[in-house]
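These features come from Swiss-Prot:
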| type | residues | note |
| --- | --- | --- |
| BINDING | Cys120, His122, Cys139, His142 | [2Fe-2S] cluster binding site |
| DISULFID | Cys125-Cys141 | disulfide bond |
| DOMAIN | 88-175 | domain 'Rieske' |
| TRANSMEM | 18-38 | transmembrane segment |
Amino acid sequence: MSDTEDNRNKQTTRRDFIVLTASSVAAVGAACAFWPIIDSLNPSTDVLALSSIEVDLSSIAIGQTVTVKWQGKPIFITNRTPDGIASARAVKMSELIDPEKDEVRVKAGHDNWLVTIGICTHLGCVPLSNQGEYNGWFCPCHGSQYDSSGRVRKGPASLNLVVPPYIFISDTKIRIG
(Lines of atoms letter the chains of each structure in order from A and count residues from 1; the text may use other names and numbers.)
(Lines give C-alpha, C1' and ligand atoms only; values in the text may rest on other atoms or scores of the structure.)
Protein backbone atom coordinates (compact mmCIF):
# COMPACT_ATOMS: atom_id res chain seq x y z
CA MET A 1 0.00 0.00 0.00
CA SER A 2 2.82 2.32 0.50
CA ASP A 3 3.54 2.34 -3.24
CA THR A 4 0.00 3.51 -3.95
CA GLU A 5 0.23 6.29 -1.37
CA ASP A 6 3.55 7.46 -2.82
CA ASN A 7 2.05 7.58 -6.32
CA ARG A 8 -0.92 9.61 -5.09
CA ASN A 9 1.40 12.12 -3.41
CA LYS A 10 3.52 12.40 -6.54
CA GLN A 11 0.46 12.80 -8.77
CA THR A 12 -0.96 15.43 -6.47
CA THR A 13 2.35 17.25 -6.43
CA ARG A 14 2.61 17.14 -10.21
CA ARG A 15 -0.96 18.34 -10.60
CA ASP A 16 -0.31 21.21 -8.17
CA PHE A 17 2.81 22.14 -10.09
CA ILE A 18 0.96 22.18 -13.41
CA VAL A 19 -1.90 24.27 -11.99
CA LEU A 20 0.53 26.71 -10.41
CA THR A 21 2.56 27.03 -13.61
CA ALA A 22 -0.52 27.49 -15.78
CA SER A 23 -1.91 30.11 -13.39
CA SER A 24 1.39 31.99 -13.40
CA VAL A 25 1.57 32.00 -17.19
CA ALA A 26 -2.04 33.21 -17.38
CA ALA A 27 -1.36 36.01 -14.88
CA VAL A 28 1.73 37.19 -16.77
CA GLY A 29 -0.21 37.00 -20.05
CA ALA A 30 -3.05 39.08 -18.61
CA ALA A 31 -0.60 41.66 -17.27
CA CYS A 32 1.09 41.88 -20.67
CA ALA A 33 -2.28 42.28 -22.38
CA PHE A 34 -3.54 45.03 -20.06
CA TRP A 35 -0.27 46.99 -19.67
CA PRO A 36 -0.64 48.95 -22.96
CA ILE A 37 -4.20 49.89 -22.01
CA ILE A 38 -3.15 51.13 -18.58
CA ASP A 39 -0.07 52.90 -19.98
CA SER A 40 -2.21 54.76 -22.53
CA LEU A 41 -3.91 56.59 -19.63
CA ASN A 42 -0.63 58.39 -18.77
CA PRO A 43 -0.06 61.85 -20.28
CA SER A 44 2.00 61.88 -23.47
CA THR A 45 5.53 63.28 -23.55
CA ASP A 46 4.49 66.43 -25.41
CA VAL A 47 1.90 67.17 -22.71
CA LEU A 48 4.47 66.60 -19.98
CA ALA A 49 6.88 68.94 -21.75
CA LEU A 50 4.27 71.71 -21.67
CA SER A 51 3.30 71.11 -18.05
CA SER A 52 5.77 73.69 -16.73
CA ILE A 53 7.89 76.49 -18.12
CA GLU A 54 10.62 78.67 -16.68
CA VAL A 55 10.59 82.41 -17.34
CA ASP A 56 13.49 84.82 -16.85
CA LEU A 57 12.16 88.03 -15.30
CA SER A 58 15.37 90.08 -15.54
CA SER A 59 14.43 91.66 -18.88
CA ILE A 60 10.97 92.87 -17.77
CA ALA A 61 11.10 96.57 -16.90
CA ILE A 62 9.10 98.14 -14.07
CA GLY A 63 5.58 98.83 -15.30
CA GLN A 64 5.90 96.39 -18.20
CA THR A 65 3.71 93.36 -18.92
CA VAL A 66 5.05 90.41 -20.89
CA THR A 67 2.95 87.61 -22.34
CA VAL A 68 4.27 84.04 -22.45
CA LYS A 69 2.48 80.85 -23.48
CA TRP A 70 1.86 78.01 -21.02
CA GLN A 71 -0.31 74.99 -21.87
CA GLY A 72 -1.65 76.90 -24.87
CA LYS A 73 -2.82 79.82 -22.72
CA PRO A 74 -1.44 83.36 -22.56
CA ILE A 75 0.20 84.20 -19.23
CA PHE A 76 0.55 87.86 -18.24
CA ILE A 77 3.67 88.58 -16.17
CA THR A 78 3.66 92.15 -14.85
CA ASN A 79 6.44 93.97 -13.04
CA ARG A 80 4.22 96.37 -11.12
CA THR A 81 5.19 99.86 -10.04
CA PRO A 82 5.19 100.84 -6.36
CA ASP A 83 2.27 103.22 -7.09
CA GLY A 84 0.34 100.40 -8.77
CA ILE A 85 0.89 98.13 -5.78
CA ALA A 86 -0.19 100.87 -3.35
CA SER A 87 -3.34 101.65 -5.35
CA ALA A 88 -4.24 97.94 -5.60
CA ARG A 89 -3.87 97.53 -1.84
CA ALA A 90 -5.88 100.66 -1.08
CA VAL A 91 -9.03 99.31 -2.78
CA LYS A 92 -11.87 98.47 -0.40
CA MET A 93 -13.08 94.89 -0.65
CA SER A 94 -16.66 96.15 -0.89
CA GLU A 95 -15.80 97.79 -4.25
CA LEU A 96 -14.75 94.50 -5.83
CA ILE A 97 -17.01 92.14 -7.75
CA ASP A 98 -14.88 89.14 -6.68
CA PRO A 99 -13.25 90.32 -3.42
CA GLU A 100 -9.65 89.17 -3.06
CA LYS A 101 -6.76 90.97 -1.38
CA ASP A 102 -3.78 91.96 -3.50
CA GLU A 103 -1.45 90.20 -1.06
CA VAL A 104 -3.12 86.85 -1.83
CA ARG A 105 -2.57 87.25 -5.58
CA VAL A 106 1.22 87.68 -5.38
CA LYS A 107 4.04 85.75 -3.72
CA ALA A 108 5.35 87.12 -0.41
CA GLY A 109 8.55 89.09 -0.90
CA HIS A 110 7.84 89.49 -4.61
CA ASP A 111 4.95 91.94 -4.40
CA ASN A 112 5.93 93.68 -7.63
CA TRP A 113 5.40 90.53 -9.73
CA LEU A 114 1.87 89.62 -10.75
CA VAL A 115 1.36 86.44 -12.78
CA THR A 116 -2.10 85.73 -14.22
CA ILE A 117 -3.67 83.64 -16.95
CA GLY A 118 -4.52 86.14 -19.68
CA ILE A 119 -8.02 84.94 -20.42
CA CYS A 120 -11.10 86.97 -19.52
CA THR A 121 -13.24 85.07 -17.05
CA HIS A 122 -16.43 86.11 -18.84
CA LEU A 123 -16.21 84.41 -22.23
CA GLY A 124 -12.53 83.66 -22.75
CA CYS A 125 -11.23 86.62 -24.76
CA VAL A 126 -7.68 87.91 -24.22
CA PRO A 127 -7.73 91.28 -22.39
CA LEU A 128 -5.45 94.16 -23.39
CA SER A 129 -2.85 95.14 -20.79
CA ASN A 130 -2.36 98.65 -19.40
CA GLN A 131 -5.85 99.60 -20.56
CA GLY A 132 -9.12 100.64 -18.95
CA GLU A 133 -10.08 102.86 -16.05
CA TYR A 134 -8.15 100.87 -13.44
CA ASN A 135 -4.67 100.72 -15.05
CA GLY A 136 -4.91 96.98 -15.49
CA TRP A 137 -6.57 95.05 -18.30
CA PHE A 138 -9.52 95.74 -20.58
CA CYS A 139 -11.40 92.99 -22.40
CA PRO A 140 -12.31 94.27 -25.88
CA CYS A 141 -15.00 91.62 -26.40
CA HIS A 142 -17.53 92.65 -23.75
CA GLY A 143 -15.89 95.48 -21.79
CA SER A 144 -14.78 93.80 -18.57
CA GLN A 145 -12.12 95.80 -16.74
CA TYR A 146 -9.49 94.50 -14.33
CA ASP A 147 -7.27 96.50 -11.98
CA SER A 148 -3.48 96.29 -11.61
CA SER A 149 -3.93 93.18 -9.46
CA GLY A 150 -6.04 91.38 -12.08
CA ARG A 151 -9.24 91.76 -10.06
CA VAL A 152 -12.44 92.38 -11.99
CA ARG A 153 -13.76 95.87 -11.34
CA LYS A 154 -16.35 96.50 -14.05
CA GLY A 155 -18.22 94.65 -16.77
CA PRO A 156 -19.88 91.26 -17.19
CA ALA A 157 -16.98 89.15 -15.85
CA SER A 158 -17.74 87.81 -12.39
CA LEU A 159 -14.32 86.40 -11.48
CA ASN A 160 -10.78 87.80 -11.22
CA LEU A 161 -8.07 86.81 -13.67
CA VAL A 162 -6.81 83.40 -12.55
CA VAL A 163 -3.38 83.16 -10.91
CA PRO A 164 -1.66 79.99 -12.19
CA PRO A 165 0.49 77.81 -9.93
CA TYR A 166 4.02 79.22 -9.95
CA ILE A 167 7.11 79.47 -7.76
CA PHE A 168 10.18 81.68 -7.68
CA ILE A 169 13.28 79.63 -8.48
CA SER A 170 15.43 82.71 -7.88
CA ASP A 171 14.81 86.45 -7.63
CA THR A 172 14.79 86.69 -11.43
CA LYS A 173 13.29 83.36 -12.51
CA ILE A 174 9.91 81.68 -12.04
CA ARG A 175 8.54 78.25 -12.88
CA ILE A 176 4.90 78.19 -13.98
CA GLY A 177 3.11 74.88 -13.56
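Heads up, the Cβ atoms here are built off N, Cα and C, so glycines get one too.
In sequence order, Thr121, Leu123, Gly124, Cys125, Pro127, Cys141, Gly143, Ser144, Gly155, Pro156, Ala157 are the residues of the same chain, not among Cys120, His122, Cys139, His142, whose CB sits within 8 A of the CB centroid for the [2Fe-2S] cluster site. Shown are the recorded positions Cys120, Cys125, Cys139; of these, the residue with the fewest other Cβ atoms within 10 Å is Cys125. Break the domain 'Rieske' (88-175) down by DSSP state and the numbers are 10 helix, 25 strand, 53 coil.
Non-local neighbourhood of His122 ([2Fe-2S] cluster binding site): Cys139, Cys141, His142, Ser144, Gly155, Pro156, Ala157, Ser158, each in the same chain, at least six residues away, with C-beta under 8 Å from its C-beta.
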